[in-house]
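Novice: What follows is a single structure, and I will ask about it in a moment.
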Amino acid sequence: MATVDAILAAKYPAKAHARRVAERLQPHQDGRPGIIYLEAQKTRLIEDNDEPVPFRQRRPFFYLSGCLLPDSSLVYDITEDKLTLFIPPVDPEDVIWSGLPLSTDEALQQYDVDRVSITTEVNSTLASIASAHGGRAVAYNIADQVSPETKFDGFSEINKSVLKGAIEQSRVVKDEYEIALIRKANDISTKAHVAAIKASIIAENEREIEGAFIATCIANGAREQAYHPIVACGENGATLHYGRNSDALIDPVTKKKKRNVLIDAGGEYRTYCSDITRVFPLGGGFTTETRQIYEIVLQMQVECIEMLRDGVQWEEVHAHAHHVAIRGLLELGILRGSEDEIFEKRVSVAFFPHGLGHYLGMDTHDTGGNPNYADKDTMFRYLRVRGRLPAGSVITVEPGIYFCRFIIEPYLKSSESSKYIDTDVLERYWSVGGVRIEDNVLVTKDGYDNLTTTPKTVEEIESLAA
């Protein structure tokens, strides 16, 4: 089996991706020739400033090119199976400041394309293709992602409605190269999570832990973060997407360290994401209450990962996580009553309000999940993926139990749900905040491959935090 670095030494498989997308467009062509036209993100300046806006390549363009250059474009002639990349011409003034850019010859060696030209040749190339196909060809592009100066004269139709969806559905199933990129992002992020946990031993503020994570990512080749890191100490962990990352780790009243830290963070490697969450104690060991909740959440995750395989119904996996949570909270005495009744009444949503996971790829919340945020069933409303998981998809498995007053208190005020919650026992757990454990898992034909190797057993975590 080839190593990650050996796989990534080859070119990004842009041509294979173009063919995959073209297959999805075939029903819309009615037997006519067709082309795909995509543009890269433009260079833009910050308002009232001469500094550029931080660059993030358009994902549809990257998927069919592997190219991170701004102001570029591509044309894929579906009939001729010919992929052409257009890169900006040399700007002598820019060379003074930034050096010589990539040449067309260098780009041809670097990217999986058939031809490289400069962007001033886009319109003449499009006209030539349209003429070669006798004016019958369809031009597929994405609405609001085409420059005004780009012309599609001579094409029988300009279709702006189907390409985006075709690319998004194609992205669900990853190839070997994409899996290697996600695995690489995970490997780097594992080092960063370990560094962050170790930094907490002497840290005094959440931002120091965040800094250790980001610095380790950059040092290992992941210059960008897949998303803004979440570093939440104490009760901050009850906020799902807490982002302030600036609280002191010492409680101002007790003058003692808060119980634990939830860190949800992932580096991005060559546009592909990782998304990993861990919870660790401040002061070496988990408190009794935090450890109890941690072990329930870990059991939720372990059992759900074991259910993964080609064709598994994601809603069933999510529901199973709730059953494990209910059993654990019943054992602790936080919940009371029957497991089935608590499940049917959706009381566990008070403690586990979000979906079990989402697709992962070039976006943290990757495309193709078909969520239904209008679902009236609170247990499934925030599930970002619906339906069966195909082999080759990468999904996060991130169960959690949270003690968020804003979410739980309405359940305590409701006669329908309050009878299932023991408030005296619950009182001991507010300071736990929240526990979430998240891994990135590849679905295979007969099972799964967990791409995340970050330590997560109680013993492993406590050893790092001591």
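Glycine is treated like the rest: Cβ placed from N, Cα and C.
Got these off Swiss-Prot a minute ago, pasting:
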- ASP264, ASP275, GLU438: Mn(2+) 2 binding site (BINDING)
- ASP275, GLU398, GLU438: Mn(2+) 1 binding site (BINDING)
Novice: Could you state the whole-number distance in Å separating the C-alpha atoms of GLU438 (Mn(2+) 2 binding site) and GLU398 (Mn(2+) 1 binding site)?
Specialist: 4
Novice: Suppose the Mn(2+) 1 site is ASP275, GLU398, GLU438. Which further residues of the same chain have a Cβ inside 8 angstroms of that site's Cβ centroid?
Specialist: ASP264, GLY266, ILE276, THR277, GLY357, THR396, VAL397, ARG436, ILE437, ASP439, ASN440
Novice: In the same chain, outside ASP264, ASP275, GLU438, whose C-beta lies within 8 angstroms of the Cβ mean position for the Mn(2+) 2 site?
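Specialist: The answer, listed by sequence position, is ALA265, GLY266, ILE276, THR277, THR396, GLU398, ARG436.
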Novice: What whole-number Å value do you get for the CA-CA distance of GLU398 (Mn(2+) 1 binding site) and ASP264 (Mn(2+) 2 binding site)?
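Specialist: Their Cα atoms are separated by 10 Å.
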Novice: Kindly assign GLU438 (Mn(2+) 2 binding site) to one of the three DSSP-derived states: helix, strand or coil.
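Specialist: Looking at the DSSP assignment, GLU438 (Mn(2+) 2 binding site) belongs to a strand.
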Novice: So what sits near ASP264 (Mn(2+) 2 binding site) in its own chain, CB-to-CB under 8 Å and at least six residues off in sequence?
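Specialist: Counting only residues 6 or more apart in sequence, the Cβ neighbours of ASP264 (Mn(2+) 2 binding site) under 8 Å are PRO229, ILE230, ASP275, ILE276, THR277, ARG436, GLU438.
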Novice: Specify the count of other C-beta atoms within 10 Å of the C-beta of GLU398 (Mn(2+) 1 binding site).
Specialist: 24
Novice: May I ask you to report the DSSP-based helix, strand or coil state of ASP264 (Mn(2+) 2 binding site)?
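Specialist: For ASP264 (Mn(2+) 2 binding site) - judged by DSSP and reduced to three states - the answer is strand.
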Novice: When neighbour density is defined as the number of other C-beta atoms within 10 angstroms of a residue's C-beta, which of the binding-site residues ASP275, GLU438 has the lowest density?
Specialist: GLU438
Novice: DSSP three-state call for ASP275 (Mn(2+) 2 binding site): helix, strand or coil?
Specialist: coil
Novice: Per DSSP, GLU398 (Mn(2+) 1 binding site) is which: helix, strand or coil?
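Specialist: Coil, per DSSP.
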